[in-house]
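Colleague: Got a structure for you, questions after.
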Amino acid sequence: MFAASFRLLRNAKRVNSSIRVESTLVIAEHNNEILSPITCNVLSAAKQIGGDITVLVAGTKCDTVAKAASNANGINKVLLANNEAFKGFTSESLTPLILAMHEQNKYTHILAGATAFGKSLLPRIAAKLDVSPVSDIIGIKAPDSFVRAIYAGNAIQTIKVKDNVKVVSVRGTSFEASSLEGGNATCEPVPSGDYKTNLVEFIKQEISKSDRPELTSAKVVVSGGRGLKSGENFKLLYSLADKLNAAVGASRAAVDAGYVSNDLQVGQTGKIVAPDLYIAVGISGAIQHLAGMKDSKTIVAINKDPEAPIFQVADYGLVADLFKAVPTFTEKLK
């Protein structure tokens, strides 16, 4: 009887040792001064996965960012990497650091936002780990099962990932922002090492200056399409946006036509937004554009074509000449 009991205990230990506890590394996006809002959304996704959560803050003189991250509720540890090698936050310089942290801690998940930063970094990490990246998730069913939109948002796909480590980019608009209060995570420096790379050299970065809110975090967005006919006519939207304290966006058609720069593009190949109010002016409503703004709480469309697809998703629609309607709206707001 004692021998049988011993065998049962030994087998139980083997089973327990094979169970891998979830542990997630969240790669913080920041500017060395403040966390990017999408990092808070990624933290919420990490909490849904469960297990221990570690936040990696890498940059130059980014101690205040690490402190803010350590205050986030539900975070176990913050790793701080202050090094000139991470100047510019290039994926080529960050990859050796992340791989070293993973080698040391054996994370089950590596997460970042589905931004230009995350979309550049995570595929490189996945390739180095010989796993398939899971891109732009909008939901989590289980630690190994994720939901994402496909076909420009016309279909929802649920996938189960069998890789030992899941490298996942998170669509920020699909997860509530985690609070940066109520936590008290430990903050530790990363182990010293040579993280320099000869692949790229960071020269400089120029930030677009604007008094308007940042597009992906704005509560109100006014977007223009090809119906505006020229970049000069976008001034109509700028005036309206200033009255509403709104960000200005654009469809891909407007960007391709050269009306505005591509940093204003909203859509599948641009930025994903979900403001409280989205005003689409002169935008027909191609599925690629709808994929980037259909989660907005209230959508208002202005278009002279009553058959424009944008009206199918709009909460309020106005069939009118935008060159008359927009100045009228702006005047009423004075």
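Placed from the backbone N, Cα and C atoms, the Cβ positions cover glycine too.
All TrEMBL annotations are machine predictions without curation.
Values in this document were obtained by computation on a predicted structure and should not be read as measured data.
Annotated FAD binding site per TrEMBL: Arg226, 251-252, 265-269, 282-289, Asn303, in sequence order. Summarising the annotation, TrEMBL assigns domain 'Electron transfer flavoprotein alpha/beta-subunit N-terminal' to 24-206.
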Colleague: Looking at the binding-site residues Arg226, His289, which one has the fewest other Cβ atoms within 10 Å of its own Cβ?
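Modeller: Selected from the binding-site residues Arg226, His289 on minimum Cβ neighbours within 10 Å: Arg226.
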Colleague: Using a Cβ-Cβ cut-off under 8 angstroms and a sequence gap of six or more, which residues of the chain neighbour Gln265 (FAD binding site)?
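Modeller: Non-local contacts for Gln265 (FAD binding site): Gly249, Ala250, Ser251, Arg252, Val255, Lys271.
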Colleague: With a 10 Å radius around each C-beta, find which of these binding-site residues (Ile283, Ala286) has the fewest other C-beta atoms nearby.
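Modeller: If we count Cβ atoms within 10 Å for the binding-site residues Ile283, Ala286, the smallest count is at Ala286.
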Colleague: Take the Cβ of Gln268 (FAD binding site) and count every other Cβ within 10 Å, whichever protein chain it belongs to.
Modeller: 19
Colleague: Would you report the average pLDDT that the model assigns to the domain 'Electron transfer flavoprotein alpha/beta-subunit N-terminal' (24-206)?
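Modeller: Mean pLDDT for the domain 'Electron transfer flavoprotein alpha/beta-subunit N-terminal' (24-206): 92.
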